[in-house]
Amino acid sequence: MDRVLPFRFAEEEGVFWLLDQRRLPQEEVYVPVRTAREMAQAIRDMVVRGAPAIGVSAAFGMVLAHLAGEDLEEADRRLRASRPTAVNLFHALDRMRPFWGDLAGSLLEARRIWREVEETEAAISRHGAQILWGQVLTHCNTGPLATGGYGTALGAIVEAYRLGRVRHVWVDETRPYLQGARLTAYELQKAGVPATLITDSMAGWLMARGAVDAVVVGVDRMALNGDFANKVGTYALAVLAHHHGIPFYAALPLSSVDPRLASGEGIPIEERSPEEVVAFRGVRIAPEGFPAYHPAFDVTPHRYLTGIITEKGVLYPPFAEGLRRALGLD
């Protein structure tokens with residue numbers, strides 16, 4: 001895949017450069033981040049997004065806190081509060097804590113987290129490519145822009161295309177932030193993969209017509225039974241795929257599994273500003289003063305999953321047993 005990475009670290013400058021994903025695909029603009037406070041705001045504002053990419057960014061946020069002389073407890077608190085649903089954020093910050101007060105150790109650990117993301121996603125892509133075929137539908141954005149590596153669901157799709165297994169991709173636009181239209185379409189175009197953009201409401205009709213052979217999505221947080229949170233709209237796709245007898249897969253690094261959660265009932269769901277629903281890039285699309293509701297994620301019950309694609313292979317039901325084994329909890 002011709003990757004456009006969401007960030008880069010300029011160690012000599014003490015600056016973490018973030019690709020402002022709000023401005024894609026029209027502009028590729030990198031913005032400088034010099035403190036943990038700025039990193040937390042960038043994550044909250046979705047300059048960077050996607051669970052693995054948020055985790056890497058948060059880790060480097062703690063490096064920046066050392067460089068800027070910020071209070072480390074406060075920096076950690078701000079970063080944890082930036083996006084509550086993606087568990088990678090918390091895992092990364094937990095790993096950085098033993099290196100508080102140690103700049104060199106902190107930088108080494110942040111780089112290690114980033115390298116592990118790349119290695120893990122290369123494996124996810126290989127495993128996922130073996131089970132995808134024909135025409136695949138995906139939701140939101142799960143490529144390098146969302147991860148800092150090779151991508152999860154999108155990485156598997158691109159690898160499956162390279163192997164001649166997938167011939168075409170249906171891309172949900174993913175309202176209201178349009179990650180599918182702005183980011184997934186952008187990445188697939190760069191990778192040379194044949195794809196077509198659809199509105200979210202078209203998915204069921206495509207399935208009914210036999211135009212979808214499989215659905216694969218990413219994961220922001222998964223419980224031990226396989227219930228998972230992903231971009232809002234995922235649950236509806238899972239129900240539709242189940243109704244039409246279409247395989248439905250979730251692709252994720254095992255770091256996105258929260259071993260503290262027995263089911264999806266305990267996953268916190270971020271609610272974002274209603275303004276993101278009624279307006280986009282300064283253009284209002286609903287009457288002034290009209291109310292809107294904006295949960296950023298929904299939870300899909302594990303019963304709708306055909307399989308879970310991880311760096312250790314593809315897991316099949318019963319998912320609780322497979323996930324516990326993969327995590328080394330048994």
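Cβ from N, Cα, C; glycine included.
Swiss-Prot annotates R49, G50, A51, R83, N230, K231 as substrate-binding residues; of Q130, Q179, the candidate listed for that same site is Q179. The number of other CB atoms found within 10 A of the CB of K231 (substrate binding site), across every protein chain shown, is 26.
For C140 (site 'Transition state stabilizer'), applying a Cβ distance below 8 Å and a minimum sequence separation of six or more within one chain yields A146, D172, T174, Q179, G180, T184, V217, G218, N230, K231, G233, T234. Report note: the substrate site is defined by R49, G50, A51, R83, Q179, N230, K231, and the residues of the same chain whose CB lies within 8 Å of the CB centroid of those residues, excluding them, are I54, A86, C140, N141, A146, G218, D220, A296, F297. DSSP classifies C140 (site 'Transition state stabilizer') as coil under the three-state reduction. Of all residue pairs in the substrate-binding list (R49, G50, A51, R83, Q179, N230, K231), the one with the greatest Cα separation is 17 Å apart.
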